[in-house]
Amino acid sequence: MKNLFLTSSFKDVVPLFTEFESNLQGKTVTFIPTASTVEEVVFYVEAGKKALEKLGLFVVELDVATESLDHIAATLRKNDFIYVTGGNTFFLLQELKRTGADKLILEEIAAGKLYIGESAGAVITSPNIAYIQSMDSPKKAEQLTNYDALNLVDFCTLPHYNNIPFKKITQKIVADYTKSLKMHPISNHEAILVRDEEVITKLANGKTD
């Protein structure tokens, strides 16, 4: 059973998350902020943490770039959910591959563990992340040899669609790739809910598209 909750801004879609997963009180979340560690703007990391804690969840932070594979494996297996924050998608993918955390995350998801991907964390579920190059700099991941990602879904999530300061660049990405890729653009108030092969995009006020 594949359970994915993909979003641009978790704090803005909390009601959608509680609809998607209601059994939250006292559960533990492996919180992976790795993508944000090479960025200057990181307010969303604390905002995501606080939103989770308000739901009664216990947050266990895990920076895969600085931990051993044994520690990463034990943490991912022990906790109930996996949450991957935003930041630089290329650096995130590089570190997941370098450490082997990518395979561990895929194993946990295959076993039914809920994965929450915010911004970069949503983008890496795509088959390949080359489409996000104009929003994120690949230069922050010099050891990354290819852009093949987790391939959990057959579409490409584009976060922050039509939101400032990404309005023009997200529109351009859609225009450039819409014919060659299966694009799923979402605003900060939308989330993509995936249960096995069922994929639904929802707006935080209850509308679907």
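Glycine is no exception: its Cβ is also placed from the backbone N, Cα and C atoms.
What Swiss-Prot records for SER119 (among others) is active site, charge relay system. If you draw a 10 Å sphere around the CB of SER119 (active site, charge relay system), it holds 30 other CB atoms from the protein chains shown.
DSSP gives HIS160 (active site, charge relay system) a coil state; it is part of no helix or strand. All chains included, 20 other C-beta atoms sit within 10 angstroms of the C-beta of HIS160 (active site, charge relay system). If you look up Swiss-Prot, you'll see HIS160 (among others) marked as active site, charge relay system, on the strength of similarity to another entry.
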